[in-house]
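Chemist: Sharing a structure, written as structure tokens. Questions coming.
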2 protein chains.
Amino acid sequence: MSSVRQVNIAIIGAGGVGKCFLSQLVALAQRRPSPKLVLCYISTSKKAVFSDDYSAIGIDNALSALASSSQTPLALSNLVTYLAASGSKTVLVDNTSSTDIADAYPSFLKSGISIVTPNKKAFSGSYKLWQDIFGASAQSGARVFHESSVGAGLPVISTLKDLVETGDEVTKIEGVFSGTMSFLFNSFAPTSGSGGKWSAEVKKAKELGYTEPDPRDDLNGLDVARKLTILARLAGLEVESPTAFPVQSLIPKELESVSSGDEFLEKLPEFDSQMEETKVTAEKEGKVVRFVGSIDVAAKQVKVGLEKFDRSHPIAALKGSDNIISFYTKRYGSNPLIIQGAGAGGEVTAMGVTSDLLKVLAQLS
Amino acid sequence: MSSVRQVNIAIIGAGGVGKCFLSQLVALAQRRPSPKLVLCYISTSKKAVFSDDYSAIGIDNALSALASSSQTPLALSNLVTYLAASGSKTVLVDNTSSTDIADAYPSFLKSGISIVTPNKKAFSGSYKLWQDIFGASAQSGARVFHESSVGAGLPVISTLKDLVETGDEVTKIEGVFSGTMSFLFNSFAPTSGSGGKWSAEVKKAKELGYTEPDPRDDLNGLDVARKLTILARLAGLEVESPTAFPVQSLIPKELESVSSGDEFLEKLPEFDSQMEETKVTAEKEGKVVRFVGSIDVAAKQVKVGLEKFDRSHPIAALKGSDNIISFYTKRYGSNPLIIQGAGAGGEVTAMGVTSDLLKVLAQLS
């Protein structure tokens, strides 16, 4: 096999995931001298570091170089041109959740630049963007991997791809796809004991850093809907967008338009009776309520919302903020293939990105 | 990226897994026209089909070609020579559990022939063979993948490799690694209800086809010890062999040397009290007994045997003949990354082999 000596890396984003990825990249470059990884571009939304000879940045001091840089990020079209002209195999690592960058993936891929990313936007946007991305990849041979777009570092996307590509028939996918929702419901409706009031659990989750700054960004269900869109498409369904199927929002109608997350939290207790009723109804059946996503592949039905589960069901027995994903397939029969564990957090999300990078490197060399 | 037009495939073994793999290969070749997959050799222990022009065998009628063939298998050293001279990239698919073939892996790999296999022998034999295999692979660039050697098609090995290669620190691996043992203990000591007598459960498992022809080949724990050896080595421990750590055999001493599996089953009821006592002791603590393997990476301790678990523990709650594997790591913290599902059976084992083949194809092209 021919051996690639050098691979250029361009990184966009240096937030929570970006910082963890950088430290994993430093360790990776130390452990694996070949191919040589050259950081040729790094940017945040405001700053960037790059140079005409593509080699100005030491991976281990990239953050300080960024901090002291006076360069601004290249426009995305210029970034494509800059990277395509480097003369080396190049991988773009998009550690943002930017829609603009996602929209530019087809341009990068057409120019032979491979992409690894945890960014859900590209794969859960319009179906046309999805087709453009994988069409451009097939045409140029540039790779695109996005393991961390669902379940962070858990091997969810690679497993689903393996099932599909080896010819198994995936009949149903079901699970808890949000660490926030997992934490909320494991506390609110535990399998033993009674749990707290809904509004108190939301408040606690926010204080512990398990929610977005405005908890409504978790409670609207859109994050889960985006993940379901990605999995449904990988399973062969042409889902048009994450709003093309039923998604239950846990935001009371009356609080949808209050001005801030704080005001939302303040008024949420007035609506506790709704969630309490849902919990009690489930309890009377010996069940617990959970916020799940499911894909019925044969019926082409995707949905996100509250469901009741027996206390002994693996989805009910989940702990902390863990995700669980069950794949029901023809080969696996009545007992699904289950993957479970932390589905959020900087380190595990970055791990998915790093392992995707390793896959690209193995395929480039 | 350069594109490989043709990849030669050589298959050894056409038993349960081999037949399932062949049918998956037929479907794969139909779905993916490129690279062209050419079956240039197929053999059982007694027969073979191959030709000087490497292209005599249609994948879809390989079994009938085998049945009507008068050729005998090439000696392994001759097979290496035959495959190395083909002029195309070549993948050997070893669907046997043969130690002789495993011992020849370094020769194949040195000659640039990649290997995919569910055969545990190569990776759980002597540590020297392990080193020879991966040394030969590193030297020639030929790939070697063996996902199905642990947990069949479940993504166990790929996940452990991802954890290690991205720099996570695996602290402990624990699980139920045998479909037979899973079935036996889920029936013998269920989380609710009382289960049957031990000897009756073993008899039932054999009648249902869940055990080897002689159930002692499951009950001696060696199959689990082999899988633990593979995982421990991937986690960085230099385990010398599957007999280099404590493995609890469930065969009563007195029945170790009886002449047949049938005689074993006939006399097993005399020893039911031992297992019954183990079960009752666990029950008194509110627990159930399970046959598990565990690797404590920091303490460099590997062991296989009976352990007690709370009824709510995921290992206790396992169903049917499912496997469960928990990875405890620094990044994942107190809640492990868990993979669960069928860990035996022709179709799911072949699936692991087919997905390994797809990985090799992606890296060759």
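Cβ atoms are placed via backbone N, Cα and C, with glycine included.
TrEMBL annotations: computationally assigned, not manually curated.
What TrEMBL shows for this protein is this:
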- A:Gly13, A:Ala14, A:Gly15, A:Gly16, A:Val17, A:Gly18: NADP(+) binding site (BINDING)
- A:13-147: domain 'Aspartate/homoserine dehydrogenase NAD-binding' (DOMAIN)
- A:Thr96, A:Lys120: NADPH binding site (BINDING)
- A:155-358: domain 'Homoserine dehydrogenase catalytic' (DOMAIN)
- A:Glu212: L-homoserine binding site (BINDING)
- A:Lys227: active site, proton donor (ACT_SITE)
Chemist: Tally of helix, strand and coil residues over the domain 'Aspartate/homoserine dehydrogenase NAD-binding' (A:13-147) according to DSSP?
Modeler: 64 helix, 23 strand, 48 coil
Chemist: Highest Cβ count within 10 Å among the binding-site residues A:Ala14, A:Val17: which residue is it?
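Modeler: In terms of Cβ crowding, the pick is A:Val17.
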Chemist: Roughly how many Å separate the Cα of A:Lys120 (NADPH binding site) from that of A:Gly15 (NADP(+) binding site), to the nearest whole number?
Modeler: 16
Chemist: Determine the minimum-neighbour residue: among A:Gly13, A:Gly16, A:Gly18, listed as binding-site residues, which Cβ has the fewest other Cβ atoms within 10 angstroms?
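Modeler: Among the binding-site residues A:Gly13, A:Gly16, A:Gly18, the sparsest Cβ neighbourhood within 10 Å belongs to A:Gly16.
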Chemist: Provide the number of Cβ atoms within 10 Å of the Cβ of A:Lys227 (active site, proton donor), excluding the reference atom itself.
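Modeler: Other Cβ atoms found within 10 Å: 27.
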Chemist: Which one is it, among the recorded positions A:Thr96, A:Glu212, A:Lys227, that lies nearest to A:Gly13 (NADP(+) binding site) by Cα separation?
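Modeler: Result for A:Gly13 (NADP(+) binding site): the nearest of the recorded positions is A:Thr96.
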Chemist: Suppose the NADP(+) site is A:Gly13, A:Ala14, A:Gly15, A:Gly16, A:Val17, A:Gly18. Which further residues of the same chain have a Cβ inside 8 angstroms of that site's Cβ centroid?
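Modeler: These residues sit around the NADP(+) site: A:Lys19, A:Cys20, A:Phe21, A:Asn95, A:Thr96, A:Gly346.
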Chemist: Looking only at A:Gly15, A:Lys120, which of these binding-site residues has the biggest number of Cβ atoms within 10 Å around its Cβ?
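Modeler: Answer by Cβ density within 10 Å: A:Lys120.
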Chemist: Check the Cα-Cα distances from A:Val17 (NADP(+) binding site) to the recorded positions A:Thr96, A:Glu212, A:Lys227 and tell me which is shortest.
Modeler: A:Thr96
Chemist: Select one residue from A:Thr96, A:Glu212: among these binding-site residues, choose the one with the most other Cβ atoms within 10 Å of its Cβ.
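Modeler: Neighbour-count leader: A:Thr96.
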Chemist: Could you state the CA-to-CA distance between A:Thr96 (NADPH binding site) and A:Gly18 (NADP(+) binding site) to the nearest Å?
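Modeler: Just about 8 Å between their Cα atoms.
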